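**Student:** Let me begin by handing over the structure; questions about it come next.
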Amino acid sequence: MSKQLLTKVGMVVLLFVVVPAVLMAFDRGYFYQIATIAAVFVLLAASLHLVTGVAGLLHLGHAAFYGIGAYVAALLGSELEIGFTLGLPAAGLAAAFVAFLVALPTMRLISIYFAVATLAIGQMLYLIFLNWVSVTKGPNGVLLFSGIDFFGFDIESEIGIYYVVTAIMALSVVVLYRLTNSYYGNALRSLREDDQCAAAMGINVTVLKMQAFVISAFFAGLAGALWAYTTGYISPNDFNFSQSILVLAMVVVGGLGSLPGAVIGALLLILLPEVLRDVGDTRNIFVGLVMFGAILFLPKGLFGEVSALRFARRILGSGWSGSADNREVGWE
Amino acid sequence: MTALLELDGLTRHFGGLTAVDEVTTHVGQGELVGLIGPNGAGKTTLFNLISGFTRPSSGAVRFKGEEITGLPPHQVAHRGMSRTFQNLRVFPNMTVFDNISVGALGALGVGAFQSVIGGRKRSHEISERSWEMLERVGLNEQANDLAANLSYGKRKYLEIARALAMEPDLLILDEPAAGMNHSETAELSQFITELNSEGLTIMLVEHDMSLVMGICERVVVLASGRKIADDTPVEVRQNQAVLDAYLGGDDE
Ligand SMILES: Nc1ncnc2c1ncn2[C@@H]1O[C@H](COP(=O)(O)OP(=O)(O)OP(=O)(O)O)[C@@H](O)[C@H]1O
Ligand SMILES: [Mg+2]
């Protein structure tokens with residue numbers, strides 16, 4: 001078996017055989033819960049990676065789109081009895097649609113102005129979750145009793161839920177991987193590097209930025225639906241500013257522009273506080289110290305962009321090697 | 001035969017300053033035209049007007065017979081015009097190969113959807129074209145190095161290769177030899193002449209006369225935004241207005 005196939009098979013085995021086996025061996029609800037939360041945050045970080053890491057737009061309101069997905073899925077499920085099979089895509093599309101609307105006036109803003117605009121959008125949506133009581137139930141939040149119906153199958157067991165959540169997360173990450181590790185990804189990176197120069201190369205800067213923003217919101221919406229269905233209860237505070245910052249921290253600690261970095265960052269910041277649970281309340285100080293240390297000593301991230309792109313080209317076989325010297329460059 | 005590029009009374013004001021003042025000229029298919037003038041003469045502004053980066057206050061730009069005045073830069077680029085920048089702009093945190101690929105993908109186009117499924121043919125096209133340009137400027141050994149880590153001279157070639165990867169009909173170069181020493185400049189003029197002899201139309205800004213005088217068939221001279229000469233290098237060299245402009249220039 002080639003190195004590339006082996007790596008891919010290894011990842012699938014880890015996600016769908018090894019982790020489930022460990023979860024079943026311990027068989028504790030708490031462990032299942034951590035595993036699904038980790039999957040949700042991996043998806044959130046991977047989607048923010050596209051817009052902030054690759055396209056270079058500092059997005060401070062990502063959690064709001066995650067919230068839209070969660071509310072759409074939860075309200076469709078609890079009020080209209082529209083289940084998971086339709087609720088999941090609806091959640092993604094609703095988040096993408098709102099992103100599209102707010103992106104229209106926002107995309108011409110640059111750097112810090114863009115960041116502040118997304119911060120304002122995030123706060124606005126949060127206040128809607130909180131105050132539009134007749135629809136969102138306000139601070140009481142929404143209870144969702146229905147389980148996951150997956151194309152007619154009722155998934156009730158904890159391991160079943162793990163498989164559904166992980167499969168959707170993995171599929172989404174594969175799509176984000178393709179968007180990152182392709183010439184489309186190069187176009188997005190050129191915006192981050194110098195958007196005027198990109199325009200001189202024939203790139204429609206505004207349209208491309210909007211695409212990155214909307215695609216990222218779509219996947220955040222999916223993550224929201226997964227969250228609503230796995231916790232069964234959502235409230236506005238799940239989607240406030242500090243959640244946006246938490247996801248941003250995952251992306252930065254892992255390495256801006258690096259998809260494996262975003263995944264590692266998410267796992268670290270979700271699992272570390274759980275591992276340190278016995279330490280008590282001071283554990284947050286430890287988490288803070290780890291983040292601080294990571295930024296001080298590895299400013300490019302735990303798995304920086306340069307290594308991530310090389311990894312994608314060489315180890316995962318996404319590079320083009322059609323040149324005379326068969327070197328992996330560009331994208332397949 | 002109609003000219004590839006025609007400028008008609010092109011003017012641009014910045015507040016009270018007229019940076020480009022009623023410039024009318026043309027560039028024919030296959031020509032290598034130089035644009036010179038002292039500091040602040042309006043050369044870069046004229047390039048920005050042509051390539052869509054700055055909107056003219058009045059006047060028109062026609063490219064391949066079509067009016068392109070006021071079009072945004074990416075649309076001008078799609079029509080077959082490609083440029084480099086005076087202050088050297090490469091994508092520093094991308095590899096040399098990926099830098100060049102942006103020129104190719106900008107011209108050929110890439111989509112989000114096709115990058116997920118079924119865009120293999122387009123990717124190969126972009127890869128092959130980029131590799132060809134990479135070899136052409138002799139940067140293949142550094143294909144996977146970050147552009148930021150190249151020497152200044154090589155970054156200059158990288159920027160030109162990226163512009164060439166668009167396979168333009170008109171290439172405009174803003175002071176490509178700035179910051180280069182004599183032998184580097186000689187090598188570059190050799191390269192530019194070679195591109196031109198293959199049929200590429202080139203417009204070249206130079207601050208310094210020597211490079212332009214050596215390789216261009218025709219030279220346009222700007223001073224304080226106005227065109228003061230438009231002639232062969234030999235004639236321009238003897239033109240009194242040009243001599244005055246250069247002698248009167250602040251740092252010549
Ligand atoms: N965006 C702008 N706003 C205001 N003034 C400008 C702007 N761009 C250029 N200018 C002014 O227009 C004049 C022409 O500038 P330009 O950069 O076109 O000159 P140049 O011939 O390229 O000079 P150099 O040889 O130094 O590159 C200068 O006086 C400059 O200060
Ligand atoms: Mg200039």
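Here, residue 1 is simply the first one shown, and the rest follow in order.
Cβ coordinates are placed from backbone N, Cα and C, and glycine is handled just like the others.
This is the feature table in TrEMBL:
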type     : residues  : note
TRANSMEM : A:5-24    : transmembrane segment
TRANSMEM : A:30-50   : transmembrane segment
TRANSMEM : A:57-76   : transmembrane segment
TRANSMEM : A:82-104  : transmembrane segment
TRANSMEM : A:111-133 : transmembrane segment
TRANSMEM : A:159-179 : transmembrane segment
TRANSMEM : A:212-234 : transmembrane segment
TRANSMEM : A:246-272 : transmembrane segment
TRANSMEM : A:284-303 : transmembrane segment
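How buried are these features, and what lies next to them?
**Tutor:** Here the transmembrane segment (A:5-24) has Cβ contacts under 8 Å with residues 31-32, 35, 158-159, 162-163, 166-167, 170, 315-316 of the same chain, all six or more residues outside its ends.
Taking Cβ pairs closer than 8 Å, the transmembrane segment (A:212-234) reaches residues 33, 36-37, 39-41, 43-44, 46-48, 50-51, 54-55, 57, 59, 62-63, 65-74, 77, 84, 87-88, 91-96, 98-100, 103, 106-107, 141-145, 147-148, 161, 165, 168-169, 172, 175-176, 179, 188 in its own chain, all 6 or more past its ends.
Sequence-distant contacts of the transmembrane segment (A:284-303) (same chain, six or more residues past either end, CB-CB distance under 8 Å): 249, 252-256, 258, 260-261, 264-265, 268-269, 272-273, 276, 311.
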**Student:** Under 8 Å for C-beta pairs, could you tell me which stretch among A:30-50, A:82-104, A:111-133, A:159-179, A:246-272 has the largest tally with the transmembrane segment (A:57-76)?
**Tutor:** A:111-133
**Student:** Which of A:82-104, A:159-179, A:246-272 has the most Cβ pairs closer than 8 Å to the transmembrane segment (A:30-50)?
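**Tutor:** It is A:246-272, which has the most Cβ pairs under 8 Å.
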